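Now, the feature entries from Swiss-Prot:
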- 24-103: topological domain 'Extracellular' (TOPO_DOM)
- 125-565: topological domain 'Cytoplasmic' (TOPO_DOM)
- 210-495: domain 'Protein kinase' (DOMAIN)
- ASP339: active site, proton acceptor (ACT_SITE)
- THR378: phosphothreonine (MOD_RES)
- THR383: phosphothreonine (MOD_RES)
- TYR391: phosphotyrosine (MOD_RES)
Amino acid sequence: MKMRVETALAILLVLISIQQCYGGVSNYTCTCFSSGNRSDILESNCSTSCNCRPDRDQWVCLCPANGFPVIAIGGSNSSCFTSCNCSAGATKSSKKQYLSRKLVIVILLFCGVLISLAFLASMICYICRKDKFSGQTPSVSSDRESSWHSSANLINRKSSVSQSKISISSSVAGCFFQNASLFCVSKPETIHGAIFQFSYTELEQATNKFSSNSVIGHGGSSCVYRGQLKDGKTAAIKRLNTPKGDDTDTLFSTEVELLSRLHHYHVVPLIGYCSEFHGKHAERLLVFEYMSYGSLRDCLDGELGEKMTWNIRISVALGAARGLEYLHEAAAPRILHRDVKSTNILLDENWHAKITDLGMAKCLSSDGLQSGSSSPTTGLQGTFGYFAPEYAIAGCASQMSDVFSFGVVLLELITGRKPIQKPSNNKGEESLVIWAVPRLQDSKRVIEELPDPRLNGKFAEEEMQIMAYLAKECLLLDPESRPTMREVVQILSTITPDTSSRRRNFPINYLFQSNEKKKESKVGWSRGGSKSGQEEETVDLTEPRFESFCLPNVKPVLLEPSAHI
């Protein structure tokens, strides 16, 4: 913008200078006569303001409007002209000079018009792009697939947002009319801080022309490639399928807008995006950082599962809980994930957990329900095995639906089992929730039947009981009885290795007491406890936290015989 203004000012100054030069050109031709023959006297005395030259018996002078040849008074002075006949205009040579200068002016004016048109076109493209990526209420397509393969989620973030700057090659700016709409393709730029707009050519080169050897995952609505960016960083490039519909551009732009607003250590960041026509098809891609260990489900099923100690599993659960807590309570706007599962929890080489795949996310209103919808969802979106009962039956999603899904993830961390898998007799499929709920009611069965065999019994029984209890609370049928993600984080913080000295603050006898007494004391640790915690300290939800969950007002309750079912 600054360069365009400077160019316009320079052109204006040149035109003013030319006008001044043109104003100084001789515009009178005088034919003068003299009585003397000494040309040197005439030139020095009478033609100082004009350009005079002898022509046979007369003189031809080219004079400006404010200076004419000197004429002798009464015609008696032989040292000056006796008479002159002046007329407006120029000689043939001066006319040629005037025409050449006029041509220069026309050329400069033509260039100025071209620059103005280019500036106007760039402004139209800028307005088009600004309207396209302006703040909108995020919406989700009803026909979008629930998820993509777990290996498609290999996304990583090793640095902060301020370090996520990438060198992008420039491309030719232009606007194209296609499908009766103005689609602008401009020079790659940054939006929302460190979110970059990549060119399709650059991402094509990064993935070796989207080679099948670069594919790291498939899904119903996308394919994910591993790519090498120009700065040497490895990225996960999610290439979206081209759905049919008039709202495709809106859905994509709102998804980019939503992802660009999220900045938290436990949420996978977006590096950039690409949206442009390539041939007859619109290409839409999202670029994330690469996660070296893949998804939680991949680790539990693969060789890395042998290395997942109990302490690592607690840390993973706490990190994922903090990511969801940020989405529910600190993001602007607050976000409902709607597809919480182990394949959407990614791990880096240090076992740090991050939440990903917000393709089905919804913004939340002040009451915790998804905004823009006052009626149940017409079609279920998500993954079987993680659906909350109220969502599967009535189609009503809320923060507590995410809490239920997170409870299933906790069961996966405890047992190592998949949410839905074939039983040993190979008859049908068995739900992890249905299998685990009866065992969660008995502290003895929790220790003997729930733990993953890969743990080889290497875990603290008290921590296992707390984790199992938390999973059971998240899986309660009544959404209002489930803990919030803030409360989940507080409970997990009591057993994380970094707060081992605070484990005794949680009353272990509370876990398996009778339902009536549990309801009475639930206020003490859940609603009231978190409330007092908010009054005592201010919590920064934008960064990882290691606060403790203290229960000074809750007295331990002795285990009663009726507690076991």
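Using N, Cα and C of the backbone, Cβ positions are placed for all residues, glycine too.
Where Swiss-Prot records a feature, it is marked here on the structure.
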residue : record                       : DSSP class
ASP339  : active site, proton acceptor : coil
THR383  : phosphothreonine             : coil
TYR391  : phosphotyrosine              : helix
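Annotated pair ASP339 (active site, proton acceptor) and THR383 (phosphothreonine), C-alpha to C-alpha distance, rounded: 7 Å. Comparing the recorded positions ASP339, THR383, TYR391 by how many other C-beta atoms lie within 10 angstroms of each C-beta, the top residue is TYR391. The average pLDDT for the topological domain 'Extracellular' (24-103) in the predicted structure is 70. The residue listed as 'phosphotyrosine' and THR383 (phosphothreonine) have their C-alpha atoms 12 Å apart, to the nearest angstrom.
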